[in-house]
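The annotation substrate binding site is assigned in TrEMBL to 8-15, R60, 87-90, K98, 114-115, 190-191. What TrEMBL lists as active site, tele-phosphohistidine intermediate is H9. Annotated active site, proton donor/acceptor per TrEMBL: E87, in sequence order. TrEMBL lists H189 with the feature site 'Transition state stabilizer'.
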Amino acid sequence: MAKLVMIRHGQSEWNALNLFNGWIDTNLSEKGIQQAKDAGDLLAEEGIEFDQAYTSVLTRAITTLHLALHEAGQLYVPEVKSWRLNERHYGALQGQNKAEAAEKWGDEQVHIWRRSYDVLPPLLDSYEETMTVQGKDYPAFDRRYADVPYGDLPLGENLKVTLERVLPFWYSNIAKDLQAGKNVVIAAHGNSLRALAKHIEGISDDDILNLEIANGQPIVYDLAEDLSINSKKTLSK
Ligand SMILES: O=C(O)[C@H](O)COP(=O)(O)O
């Protein structure tokens, strides 16, 4: 039996501003830093000893992993970062305000873009190096993606496409560790984790619309050797 813990990063600066974040690299807000530390306290209380950690190549998830592991006294745990665990790419919505988008396109359309399984958001026309929001430059695509084959970089993703790029990494790394009985922690993003939860829990394309994952609240799965779920619980303060 192995434990899999999934943590959505703490609140980001763009979550706080209600902006579509996606692949844009933003920091944790003060609240997000506290949420990440709280997640570490909860894991310490739970007494889980991790063998392997995974995260994306986005700062908000990496920082969350480090703060949580530090708080849990397990910063030494080996970690692997992969672009495949990144947030879903929000296409041309990235950097836009979610409430303003709802005023422009309607609540229902924006909800479909945010939560449907297979409707794509408006796509970018081309890869942008950086984007400027509120006078600040943010890297969009940079050297952290140098090893990703050009055609694999998204111009916008729905949850289905997100799952399709998460799954190769699940099979090549995470599932193997779990089958070997290792306890694994993944610090990632609302939608890359929804995609993984869909796969692990066998959630239907329709029901996945209703799954929300909160910032900084660890989800603990106890998994059998065939990766079926013995139990699942969400930790919160
Ligand atoms: O990318 C984002 O904006 C968030 O991390 C997730 O946003 P959502 O809840 O709108 O999918």
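Just so it is clear, glycine is given a Cβ too, placed from its N, Cα and C backbone atoms.
Recorded features from TrEMBL, shown on the structure.
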residue: R8; record: substrate binding site; contacts (Cβ under 8 Å, 6+ apart): A188, H189, G190, L193, I213, A214, N215, G216, Q217
residue: H9; record: active site, tele-phosphohistidine intermediate; contacts (Cβ under 8 Å, 6+ apart): L28, G32, A36, L58, R60, A61, T63, T64, A187, A188, H189, N215, G216
residue: Q11; record: substrate binding site; contacts (Cβ under 8 Å, 6+ apart): L28, S29, K31, G32, Q35, N215, G216
residue: W14; record: substrate binding site; contacts (Cβ under 8 Å, 6+ apart): F20, N21, I24, T26
residue: E87; record: substrate binding site; contacts (Cβ under 8 Å, 6+ apart): N21, G22, W23, S56, L58, A188, H189, G190, N191, S192
residue: Y90; record: substrate binding site; contacts (Cβ under 8 Å, 6+ apart): F20, N21, G22, W23, P121, G156, E157
residue: R115; record: substrate binding site; contacts (Cβ under 8 Å, 6+ apart): I208, L209
Please list, in sequence order, those recorded positions from R8, H9, Q11, E87, R115 with the Cβ less than 6 Å from ligand 1. E87
Helix, strand or coil at R8 (substrate binding site) [DSSP, three-state]: strand
Neighbour tally for H189 (site 'Transition state stabilizer'), based on other Cβ positions within 10 Å of its Cβ: 26
